[in-house]
Structures are given as structure tokens and as C-alpha cells.
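For Gln520, Glu570, the entry in TrEMBL reads S-adenosyl-L-methionine binding site. Annotated compositional bias 'Low complexity' per TrEMBL: 20-33, in sequence order. Sequence annotations record features per position, and here TrEMBL assigns compositional bias 'Basic and acidic residues' to 96-119. Look at TrEMBL and you will find 64-92 tagged as domain 'C3H1-type'. The feature region 'Disordered' is assigned by TrEMBL to 1-64, 96-125. Under the heading zinc finger, TrEMBL lists 64-92.
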Amino acid sequence: MTSSSVDELPSAAETLTYQIPSDTTPIDPIPSSNDVEAVGEKRKRDDDDDEKTTNLESSTPSPWFKTSLCSYFRRQGSCSHGDACKYAHGEKELRQKPDNTWDPTSERGKKVKMMSEKSAEEEEEVGDVMFTEEMMDDNDGEEGGVHDLSLSKCLVHLPTKWQSDDIKTFLREQGVEYKFAKKRRGMMVGFLTFENAEQLKNGVEVLEGKNVNNKSLKIANVLPRTFDKNGAKNPAAKLKSAREAVTPLADLSYADQLEQKKASISQMLKKLTRNARKACPNGKSLPEWVLQSREIGGLSCKLEGIIESPLVNGYRNKCEFSTGYSVEGKLTVGFMLGNFSAGVTAVEEAVNCPNISKLACRYASIFQSFLEKSRLPVWNRFKSCGFWRQLTVREGSKPGVVSSDEDADSRIAEVMLMVQVCSTDTDEAEVATEFEQMAKAFAEGARASSPPLPLTVLVVQDHVGISNVAPPDCPLRLLPIPVSDNGTHQDQSTNVLTEARIHDHINNLRFSISPTAFFQVNTCAAEKLYSLAGDWADLGPDTLLFDVCCGTGTIGLTLAHRVGMVIGIEMNASAVSDAERNAKINGISNCKFICSKA
């Protein structure tokens, strides 16, 4: 998941699946204004249909029973077979097919198809581009500081390694005349301004669809800023909110969210099958799984129903908040409104983002208030400079506490804060003072909240890369957290820790989590994920279980009681150390962890 996991509700763990029995009560379809539709002639009941429908002499219905609408019933409003008809009499009686699809002539089938087509269109569509910071203003010394957007365009799908000199060279090679061209490394878009309308027309004709590094160039309009440099709002400009950027499905009901995700996954699996067919050389037989895909609607494998997350709101136990400036130019700690590669660097506060806990949002607010007073600058993504980069909030839950969406924060027992900085070209003494003031701000902010917020560990990560994604061996510094002075204003003691760790619980096992260790962001859904993995693996007392790329060992340890032996393999040395620690604190002796490439 980036400066913030731009995720939907809930996490990836909800893509777990279960098999829908053939005799399950059918899901109520979306109501139709007219269940009786005029259709063509009644289908022939040939031998193949008989194999897919109910054997009327058998007490066990076929998996295809009632999965297709009865054309005779829909045309005439009645059917001579009555309740014994193997086809569905209307939408309410219709069942889902064994391949988890719906009769394409049904209202439910039409809706799923429409959602899938819409998702595919959005994936291919190249919309307008809004640069939310300096791209259109900073000319690097070139003539002209304000650009006429009516004569400006964006080139989309450029190589991310290109910079301004590369795009200028490319334009000269294509014979394109222009006034101003600019591109930042890491972006897939470039900014281009022409002298006049004729130059613009000729440039678009030459560049549109031009192949660059096996990608077809697209020409997009440049949107005006939502706010100008003076803070005046531009009503013609539109930009999505943090809620829309981070949780784009949040306005749908949870049931509709799952349905849309399922439809999206179905399209991916069908695309995989199509690509496999195209990739198979002439004269070679297709793989068995491709041949079998015809029996399950073209899917590369069977797609079963989605298991719901126990928590829908506030479920994330790890949140990464970016530092930056909002579209109004306000210093902000929150989520980016788009990808840097697309030219968007604006950061907005995590307002009304349902996947984020109130506790995490509160710490982001405390950090934002501190940065407004700090003498060190926040990170500038266009120029790759600055000091304050990111705040990560990690939460550890209490053992055995099952909370609802309304009181999700009540389960949180421990909190780790990790602040990412870039200390290049900074004064050590000034940095030390800033860290001390930051620790004080977090401690006081946590105590002033109602109820007080838990604060267990405060650590600083020093990272010099362009992206906020830091390597595992990035330097860490543990900071002491000031303890309340009880109003005496004397020298305060601190809760000095020797290690930066918090703890979380899965299936009543206690797991030690270090600052950069991987841990499932949805703890409650992780319990279902691991349990289902064990069921599918058909574990037993004689099983030798390999946990490949095991990380901190959560999967292997939660399944250890079901097998004879667990071998965990992980190349990250600190993660292996965590896994061994977790086995020890839970008294699990049948696990061995190896630090090596899988």
C-alpha cells in the first residue's frame, strides 16, 4: 500500500472465499420492476440441458437447478410444469450458477455485467490531469511564469525515468514545435505549452498514439487548480476528497462493495485465461486449466463467494500518513489525493475515511499541529528535499476482545508511532531539539485526548530515497516518551525502552511486532484467512508445513497446533528474529525458521 494504502473496505483478507452449497437459500436479487419479460422462443430441453438441471426422480437437485430463467414463464406468465420446472419462475426464484455467475438475461446478471464493463472502461480511460503543486509554475529559469491552459496539454504514459531534457529531446525528434516542456522523474506525465493554436493542433496530431517504450502516448487536458496561489477558490476545478481517494467504494453498502469486488476479480480471471490462450504457441496444446475454463464461464479458476470482514469500520491496525500541502496550500498530515506519477501531490486530512481508526486520525492531527510550529520543512516531492516525510501509526489489540464498528478503538492496547525523516544537510543539534519537542507534543496530545490515547513506542526512521518506501535496513532511532510531570514542572523522567516493539493477537497467540515488520492490517480478518488456509491445506498431525516467505511467522505459528512440524523460510533477518521470538513467547516448539531465500 504508498504513502497511504489507497484501499477499499475492508483489506485484502476479505478476498477469502467459501463454496456456496448447491442447496443454499438463494440470494435475494435486486428487485425488478417487471419480472415477466418478453423473450424469444422457449429453449429446447436437449440432453445437455438435462445434465445441468434437476433430475426429477432424484431427491438431490442438480447444481444447475433454477439457475436459468424459464423463457416460457417469462413470455406467458405461467408454466405447465409449475413448481417442478427446473428453470426459475422470475427473479426471486433465480439461483446463482455453480461458476458463481448469474443468468445474463436476469436483472442481477445485467447489473454485474454493467459494473464489470464500467470498471474496465475506467481502467482504460485517461482523464484530465491536475498538477497540484509546482509543475506549472516553476519554469527553471525559462521565460514565462504563467501558462495559458488553453494552449497546454499533458503527455500521459511517458517513461517514469524521463526528466525535462528527455521530453524536450523527444519533441525535437518528432519535429514538434512548442513553447515550454517539463517533466519530473518518477512521473508518467509531462507538461507541455504551445505558442499558438496551430502549434497545439499540429503537436497533438503528431504525438497522439505515438509509441514510446511499448506504450501508446495519450494527450490529456490540464485542469485548473482548485485554488490559485492567493487562496481563491476556482469553482470550475474539481478534485476528489481523501475519502474518495482512499476508500472509493465507501458510499456503497458493504454487500454492494463485495459484489463489485467479486465482479472485478472475475474480469481479472477471465483476462488471465484470454492472455494464456493468446500466449500459447501454434501447434501446442492448451494447458488443462485453460481448457477447463470453458466449464466455469471463462474463469482461470473457480471463484467462490467472499467472506466478509468481522469489522468494516476502523479495521486497519497500520496507517501511513503523508506530510505535504493541501490544495489550499495548508501544511497537512493525511493522504495524497492521487499518484505522484500522475502529477498529484496534494495531501488532505483523513476526514471521514471509514477504514481508519479515530485513534490514528487523532495522532495525525497532533503531528500536524506540531509541524506547523517546526523550524524544519516538510518533504517536497517535486524537488525531493525537506525533512519531515511520513507518520506511521501501528496499533496492537487486546487479547480476546471482539469489538463492533462503533467501539473499534476500545480494543487498542498498544500504539507505535514511527516518524520518517530525511536528515540530509541538517544540523544535528537542531534535529535533536526538534525530536525532543515532537516527543513532548505526542505525549501531551495523547494524555489530553478523551479518553487518553495509548502510546507505547516512538521511533524515527531516517530515509533519503525519493519514495517514502524505505528499505528494511533503514536506520531507526528509538525516542524516549516524556512522562507527565503532574504539574510540578520539574525534570521529567521518560519511559526509556531498549527495543521498539508492540504486540498484537491472532487466535489468542501473542505476536511481537517491530517497526518495519509485516503484519496483516486487518487483524480480525487475518484470523479467518489463516484458518481457511489451514482447512484448504488439509492439515493433520503428520503434516510438514512449509511457510514460505513467512515474515514474522504468523501463519505458521497459528497453524502449528494442527501439524507435526512447521518450517518457515524468510530472507529478512529481523523478521526471522521476530518469528523466533513469537514462537518462544507462545510456547510453540514445533517451528523452525530459516533465514534464506525461498
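Backbone N, Cα and C define each Cβ position, glycine as well.
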Segment-level pLDDT (mean, integer) for the domain 'C3H1-type' (64-92): 82
Per-state residue totals over the domain 'C3H1-type' (64-92) - DSSP helix, strand, coil: 11 helix, 2 strand, 16 coil
Least Cβ-crowded entry, counting other Cβ within 10 Å, from the binding-site residues listed as Gln520, Glu570: Gln520
